[in-house]
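K.L.:
These came from TrEMBL, pasted as-is:
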TRANSMEM  6-25  transmembrane segment
TRANSMEM  46-63  transmembrane segment
TRANSMEM  90-108  transmembrane segment
TRANSMEM  115-137  transmembrane segment
TRANSMEM  143-169  transmembrane segment
TRANSMEM  181-203  transmembrane segment
TRANSMEM  259-279  transmembrane segment
Amino acid sequence: MIAFFFIIIYLGPMVLMIIVMCVQIKCFHEIITIGYNVYHSYDLPWFRTLSWYFLLCVNYFFYGETVTDYFFTLVQREEPLRILSKYHRFISFTLYLIGFCMFVLSLVKKHYRLQFYMFGWTHVTLLIVVTQSHLVIHNLFEGMIWFIVPISCVICNDIMAYMFGFFFGRTPLIKLSPKKTWEGFIGGFFATVVFGLLLSYVMSGYRCFVCPVEYNNDTNSFTVDCEPSDLFRLQEYNIPGVIQSVIGWKTVRMYPFQIHSIALSTFASLIGPFGGFFASGFKRAFKIKDFANTIPGHGGIMDRFDCQYLMATFVNVYIASFIRGPNPSKLIQQFLTLRPDQQLHIFNTLRSHLIDKGMLTSTTEDK
């Protein structure tokens, strides 16, 4: 599995996006199948058809938003894409309403409660699986490092917690997972933080990992090339006095992203496992051992990605809160699509603002 992970990383972000979508579809299939079997929904009309239809609608909405946001230039060049982009949310809502009406028309006597159970089951599955998997793709477009490091930290924590628990585990951690121990939990935390620091140091030196995925209008292709931001440039930091007396160093050179990696690896170690505990509780509630038998010895795909989805949500929130700022190129692209009078109004407003700030003088204005 780790070898396969390295192969798809080598194939690039577009292949990764397709893999994420395939994993999402399989996870959705596993959970829907459990509901189908547990609630004995064999006689419900249109249940499976409607479930897959709603999956299609939600994916159309999310992927349409992503294409419009990240590949605005490409969308504006093609007339069909421009129309779809302009009315995207209306089309998405219309598609959902069709499914909603189909569900109401499919209601049959003596099955009302079960049908509404399954309607809720489908929508909760969409919320947990599809929404969070879409955030994985958002993280990927910010730079492959935001995709690889969090996923690798979760994998590392899973392995190291098992190793520490196997050799040193004595104290049970949680009743939902009797084999989990405090020794494994704590040992996995420290091992994951160190691993995150080392992996971040290696990856921060390569543009192919740190640059966002962009569409190149000149070559009609997707590119991963840029001038790395300050986040991925080596800087010198002073070491606290207490630590200086131990290691004998006064300063250390590291990438600012490595500091952020501590937050990512900490979440992967302390909060990420709760995604696995949640999945364990879910399986115990319905008296099943695995979500499916897709991967021999590992259970279903959902068994491998329960922590990853929670991690992806945290990374997306972390980027939005502490990393991402306004994107000048996107603002300019949207500015150029406005009417001339609107462009002139924005230009005059911006010029007045810069003059008030003292950044633009009358001489500069005349030029």
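Every residue gets a Cβ built from N, Cα and C, even glycine.
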K.L.:
For the transmembrane segment (90-108), I need the partner stretch with the highest count of C-beta pairs below 8 angstroms, choosing only from 6-25, 46-63, 115-137, 143-169.
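P.N.:
By the under-8 Å Cβ criterion, the transmembrane segment (90-108) pairs most with 46-63.
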K.L.:
Under 8 angstroms for C-beta pairs, at least 3 of them, ignoring pairs fewer than 6 apart in sequence. Is the transmembrane segment (6-25) in contact with the transmembrane segment (115-137) by that rule?
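P.N.:
Answer yes: the transmembrane segment (6-25) meets the transmembrane segment (115-137) with 3 or more Cβ pairs below 8 Å.
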K.L.:
Give the nonlocal contacts of the transmembrane segment (46-63) in its own chain as ranges (CB under 8 Å, at least six residues past its ends).
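P.N.:
Same-chain residues near the transmembrane segment (46-63) but 6 or more away: 21, 24-25, 28, 32, 36, 88-89, 91-92, 95-96, 99, 102-103, 106, 115, 118, 122-123, 126, 130-131, 134.
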K.L.:
So if I exclude everything within five residues of the ends of the transmembrane segment (259-279), which remaining residues of that chain have a CB under 8 angstroms from its CBs? That is, six or more out.
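P.N.:
Residues packing against the transmembrane segment (259-279) from afar: 149-150, 153-154, 156-157, 161, 174, 176-177, 180, 185, 188-189, 192-193, 195-197, 199-200, 231, 291, 302-303, 306-311, 314-315, 318, 322-323.
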